[in-house]
Every structure is written in structure tokens, then in C-alpha cells.
């Protein structure tokens, strides 16, 4: 994977260089966030696995979302923690490998699995009589396989294209992770193809799932408006609240970062990057568990069972 035409064998990740000089508070903060993320998502997975009442298509997708959250966060936060301890070097191959998994897991986690979950809500509300037939276990497995495999092709495309770029000048990345925009800005060769592919294919890859989610919720809204009772409408909307919260949090931050020219990318975009790479994975277990009575009950059973 190493680019033989590049004279740069390693990069220096400056991390959150514009933040306070003393890294200890940030190290403690992100260590706590990481531990909360791992613990919260593991509890979601264990609760769904151990409670037969939670063996539903939506919880099946949620368990995979939690698993991907764990992998996605592990790709990013441990590297950040190492940076806080002043070891900021990362090899060329290690940098491209991190970027590959960030794109592959990030798009699986917060793009395509969200589309699948939106489809589940669409079928449950708009075609409830055929829900069991449509959302069979076989169909759910196929949807998860599709959601997990497609982002890897997207990530591989951009990683291979970036591997053709020459880095022969500065090797300092003004970021806390290896991302497309700061890496392209370091190149001393033409990155026209990379930027065009990112703007076209990358935008389509982000916007397409967003449009699918939007279409699903337009149909859900039209179906809910036909429900005669106010209680029925509230119940229908309540099943979508958690998913809509996660969609808003993710797409709001990721559109801000990636749907802009590379030349306009600045350190100020770090905050938005932290939202979709770190905080979304941390908040997902709380968002879904607090708004789902069955899941809260499952977590309660799990915790009681674990007590001595």
C-alpha cells in the first residue's frame, strides 16, 4: 500500500493543536468518552442478544449499529489518546489504513445502516400488515450485508486514488486523524482527479442515503397524518424519534465538513468532525435506550441479572 514515489514515510498528526496547551484534561475527557462509548454500545448488544422480546428487525439493526460504533470509535480515539501523550507520528501506510477504516466504518455506521433503519420504520408504519413478511430474518441479513459491503468499495476507491498522490514536502497534518482534505492539501502533485471524484462520487454516496431517508419519512409523515386519533399519531411518531435524532446529528455535521471545497477546510472544522466521528457513537446508546421502552426494560433485566 506504500506509495513508492513519495518521499514521505510518515506523517505528524498535530491533533487538537488549537486547544489548550496542557493535553491532560483533553486526554482524560476523550478517555472517558471512549470508555462510555464502548460500555454503552456493549450493553445495547448484550441486552438485545439476551432478551427474546428484543429479537426484532429494528433491534437487530441497532445491535449492528452499536457494533460498528465500537469499531469506528476504536479506529479514531485510541490514536487521539496517543497523540495527547506526545507520540504524534503515524506511518504513511498507517495513515492510509486509518483513513480507509474511518470511511468504511463511518459510512456503514451512520449512512447505510440509518437507511436500513428508516426503511424498517417505513414498512412498520406504512405497511404494517406485511411487516413480518417483508422484514424477515433473511431480508434483514441481506440489508446488513449490503450496508456493510458497499461503504468498503467507496473507501477503497478513495484510498487507492490517494495512494497515487506524491507527498514530498511538509508531512504535518493539521488534524487529529488522517482524513482526505488535510492529506490532499499536503500533496506536491496534482490532486485534480482526487478532488473531482470526492466531490462527485463522495457527494452522491452521502446524499443518496440522505435522500432515501428523507423519502421514507415523507411517506411516514403522510401515513401518520391519516391516523384519526392523536394518540395513534404520537405513538407512530415516537417510534421514529430516536432515529431522526441520530440522522440530524450525523448529517448536520458531516455535510458541513465534506460538502465544501478542500481549499476552504480549516481547523475550525475539527469540532464538526468530532461530532460525527466521536460524539455520535457515544450518544447513540443513550438516544435509543432512553426513547425505547422495550430496550430500557431489556437493559434493566441485563443489569439486574449481572448483579451478585
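Any Cβ shown, glycine's included, is placed from N, Cα and C.
Just so you know, TrEMBL annotations never went through curation; they're auto-generated.
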*Of 131-153, 154-176, which range does TrEMBL call transmembrane segment?*
131-153
*For the domain 'G-protein coupled receptors family 1 profile' (40-288), mean pLDDT (0 to 100)*: 86
